[in-house]
Amino acid sequence: MRTLYTSHQRGGAILYESARLSRMNRPSPLLRQVRRTHSAAWKKNPHLDSIIRVDHAGELGADRIYAGQMAVLGRTAEGATIQHMWEQEIKHRQAFEQLICKHRVRPTVMTPIWNVAGFALGAGTALLGKEAAMACTVAVETVIVDHYNDQLRTLMEDPNIDKEILQTITKFRDEEQEHHDTGIEHGAEQAPFYRALTEVIKTGCKAAIAISKKI
Ligand SMILES: [Fe+2]
Ligand SMILES: [Fe+2]
């Protein structure tokens, strides 16, 4: 038989249940300490948290793109050129891994996705030919150079500017520009459907940047 409760009884049950759930979800003292410390670092420079997270994600993606290109084109005439760019991307990724630890920034939750997507993009375009691989490089590096330039403008407006981050991003921006120019010199514009291909990749990169800034 169905039990009928008064609204007063129902209200009490809801209050009891929400108090029980909040006790279950209460963070441990260690987690509370981490949050306090993290929040203090974040308050010192509100831009830094998102800058480091998104750049770490981008450099991880770039590392995986070149790894994918090398898996397909490593033994061709383009191998040495791609290897050189890949080695620079590995150094970029490592630098942001150190910054993530130093500033206690949470990496993006999308890390496993960018890992797979980056490799697939690099290998997929390389399978279309060396020109398509170079077109992929041009598209990605165009977006990254613009993105780094935007960050440099934001950082330079900051009175408490972080010189280490500023120098790191300036150096990497210059190297990404070199990668872009290398792509053009190695026939990117001769890729089939060059304009459509690069526009699709640029749109994907911009979406990845927007997502990684937030989550
Ligand atoms: Fe890079
Ligand atoms: Fe690059």
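The first residue you see is number 1, and the count goes up from there.
Glycine is no exception: its Cβ is also placed from the backbone N, Cα and C atoms.
Just so you know, TrEMBL annotations are computer predictions that nobody has curated.
Record features, source TrEMBL:
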- Glu59, Glu89, His92, Glu176: Fe cation 1 binding site (BINDING)
- Glu89, Glu141, Glu176, His179: Fe cation 2 binding site (BINDING)
Can you list which of the binding-site residues Glu59, Glu89, His92, Glu141, His179 have their Cβ under 6 Å from some atom of ligand 1?
Glu59, Glu89, His92
Around the Fe cation 2 site formed by Glu89, Glu141, Glu176, His179, which additional residues qualify by having Cβ within 8 Å of the site's Cβ center?
Ala62, Met85, Gln88, Thr137, Val140, Ile144, Val145, Glu175, Gln177, Glu178, His180
Measure from each Cβ of the binding-site residues Glu59, His92, Glu176 to the atoms of ligand 2 and list the residues where some distance is under 6 Å.
Glu176
Express the distance between the Cα positions of His92 (Fe cation 1 binding site) and Glu141 (Fe cation 2 binding site) as a whole number of Å.
13
State the count of C-beta atoms found within 10 angstroms of the C-beta of His92 (Fe cation 1 binding site), not counting that atom itself.
23
What count of other C-beta atoms do you get within 10 angstroms of the C-beta of Glu176 (Fe cation 1 binding site), across all chains shown?
27
Want to know which binding-site residues, from Glu59, Glu89, Glu176, are within 10 Å of Glu141 (Fe cation 2 binding site) at Cα; which are they?
Glu176
Give the three-state DSSP assignment (helix, strand or coil) for Glu176 (Fe cation 1 binding site).
helix
Which residues, in sequence order, are found in the same chain with Cβ within 8 Å of the centroid defined by the Cβ atoms of Glu59, Glu89, His92, Glu176 at the Fe cation 1 site, excluding those residues themselves?
Gly58, Ala62, Asp63, Gln88, Lys91, Arg93, Ile144, Phe172, Glu175
